[in-house]
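> Taken from Swiss-Prot, the feature Zn(2+) binding site applies to CYS146, CYS149, CYS159, CYS162. As annotated by Swiss-Prot, ATP binding site applies to LYS336, with the evidence given as sequence analysis. Positions annotated as domain 'tRNA-binding' by Swiss-Prot: 575-677. Among the features that Swiss-Prot reports, motif ''HIGH' region' is placed at 15-25. The feature motif ''KMSKS' region' is assigned by Swiss-Prot to 333-337.
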Amino acid sequence: MTQVAKKILVTCALPYANGSIHLGHMLEHIQADVWVRYQRMRGHEVNFICADDAHGTPIMLKAQQLGITPEQMIAEMSKEHQTDFAGFNISYDNYHSTHSDENRVLSELIYTRLKENGFIKNRTISQLYDPEKGMFLPDRFVKGTCPKCKSPDQYGDNCEVCGATYSPTELIEPKSVVSGATPVMRDSEHFFFDLPSFSEMLQAWTRSGALQEQVANKMQEWFESGLQQWDISRDAPYFGFEIPNAPGKYFYVWLDAPIGYMGSFKNLCDKRGDTVSFDEYWKKDSDAELYHVIGKDIVYFHSLFWPAMLEGSGFRKPTNLFVHGYVTVNGAKMSKSRGTFIKASTWLNHFDADSLRYYYAAKLSSRIDDIDLNLEDFVQRVNADIVNKVVNLASRNAGFIAKRFDGELAAELADPALYQTFTDAAAVIGEAWESREFGKAIREIMALADLANRYVDEQAPWVVAKQEGRDADLQAICSMGINLFRVLMTYLKPVLPELCARAEAFLNVELTWDGVNAPLLGHKVNSFKALYNRIEMKQVEALVEASKEEVKAAAAPVTGELAENPIQETITFDDFAKIDLRVALIENAEFVDGSDKLLRLTLDLDGEKRNVFSGIRSAYPDPQALIGRLTVMVANLAPRKMRFGISEGMVMAAGPGGKDIFLLSPDSGAKPGQQVK
């Protein structure tokens, strides 16, 4: 190994924990994984980490809609996300969550250092407030009519029709997306990060030459328009970390989200019992390399706020950002109605992971270009390249080696010059992997595959096999073909981990980057089994149809009682524990003079009598029928003075009202006074 081993930390953008992973996400995670696998093959110390981005208003509100706690929701999402990434063989060393002890400690540390260094400012701002939900509204949680083009139903920050940007206060007839209420303006003290103080440092970082040209150019535009102070706080209710010494104020999700990179790495170090590496990687003068693989939509946060936060709190800055474009399918934005908004899990029900990994790699470069997943081209390319060119090379030769030579390869290379051509290509292909010019690497490898297949075509082992006295030639030709296959698979190992594992089992040797310098001579291979099957358009059709069906299922309207009476906001166990429910015997029931809705119930709690007024008369026109029944009551409800007397509790009933009211009754065996738990 001539290279000096490097210490490298690689991250992907943290998936938001309120939805499933789809093929747009997978572009980034595949791109990063291919680069990481190549670095590992070259002997570098690589730590590859990620986490779920688990904070913010959308998560809080979605959990409420589902009737579960945010903690429950993000735990379920984390399991789903990790299953999807494992299915695509994304080789993370650690996958964590921003809702973690490590992230809380680091977020508070960075904030405290920024505050101590004078980079946190306080000021009062006016925001739209939902009076029904009792919460301030983020821009995307306000909708109204665009103030520019007058298009209805537009978000509070920009119009999707005319493209205009504006303040949510400029919307015409704004409404809260959460409750439908008309928001009002309210003042609140917020905390701001003084980003303009870091303008000079950020411009120097931009000019260093490390960033992609397109990123540097975009940053220059932001510098010219002037950097603004960044609001890093949000008001309760909010799911996130409370700001130290600021009750009711929480860190904005974009403050603690990138710190999640540090939190995940700290968690990994702690799991390993490693007390040294975290500081080695994150200290200001660290010689480790730090790379963030991200989409072009979050460059602003990663190229401005994040390095400035790190600089201001005494940590190192990223070595570079690797930015990619978006994914389109069949030349258009992913569409749920067309079945091209495809979840990662749905893909894996119809295709293997290697097929998408290969197709994305074949199209990726170091530029920030959008990638189109053309499903017809996908089928053709996978079959033409992986099946016809690479796998076919092994299958054309393996049978002869197994049947005629008991799996043993020849002792010498049939064409050393051709083999040298293949091994010499390692420099060009390696540089392409290194510089993230994946498409170029694939083109170079497929050009070699064409050479290998041309060699086999010219040598025609199927003809030689029929000629007497040419066993040595047959063994040499087929051994040459298998050795060339081994080189190709070695170069493809960062992209095709599943296929390469099967190839290693057949070749009876591990595929290592430097290993190709020594061909397999006199080496015994194992029996050949089909390495990869052709894919068909009917699989694509099934995939698209399955995606459509998933959308229909997800969009199915809620019917029945939940539609009429949605589950209310989540409460804590402590809140529930305050309610004292007891079994009660209805000792007497009678009409209430002057009321056509109420019945007066005398309830026996086995030693204590309660007088309760209940609005159940419409369902029980004969109150005498209730006498002697057991029911359930709220025993610690504060007494309520009514026109007819004092009500000392509440009986429990179900139903929408009118005649459809159903008094709850405990199962047989329950006794008056027993607590309902």
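First residue shown is number 1, and so on along the chain.
Any Cβ shown, glycine's included, is placed from N, Cα and C.
In the displayed structure, how are the listed features positioned relative to their neighbours?
Secondary structure at CYS149 (Zn(2+) binding site), as computed by DSSP, is coil.
Around LYS336 (ATP binding site), a 10 Å sphere centred on its CB holds 15 further CB atoms from the protein chains shown.
A mean pLDDT of 96 is what the model gives for the motif ''HIGH' region' (15-25).
Beyond its flanks by at least six residues, the motif ''KMSKS' region' (333-337) meets 22-24, 327, 547-548, 551 of its own chain at Cβ-Cβ distances under 8 Å.
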> The motif ''HIGH' region' (15-25): which same-chain residues, six or more beyond its ends, come within Cβ distance under 8 Å?
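Answer is 50, 52-54, 56, 58-59, 62, 73-74, 77-78, 80-81, 84-85, 97, 326-327, 329, 334, 341-345, 347, 356, 373.
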> From the Cα of LYS336 (ATP binding site) across to the Cα of CYS149 (Zn(2+) binding site), what is the distance in angstrom?
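Counting only the Cα atoms, the answer is 27 Å.
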> How many Å lie between the Cα of LYS336 (ATP binding site) and the Cα of CYS159 (Zn(2+) binding site)?
21
> I'd like the Cβ neighbour count for CYS146 (Zn(2+) binding site), meaning other Cβ atoms within 10 Å of its Cβ, all protein chains included.
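Counting Cβ neighbours of CYS146 (Zn(2+) binding site) within 10 Å gives 22.
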> Take the Cβ of CYS149 (Zn(2+) binding site) and count every other Cβ within 10 Å, whichever protein chain it belongs to.
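Result for CYS149 (Zn(2+) binding site): 12 neighbouring Cβ atoms inside 10 Å.
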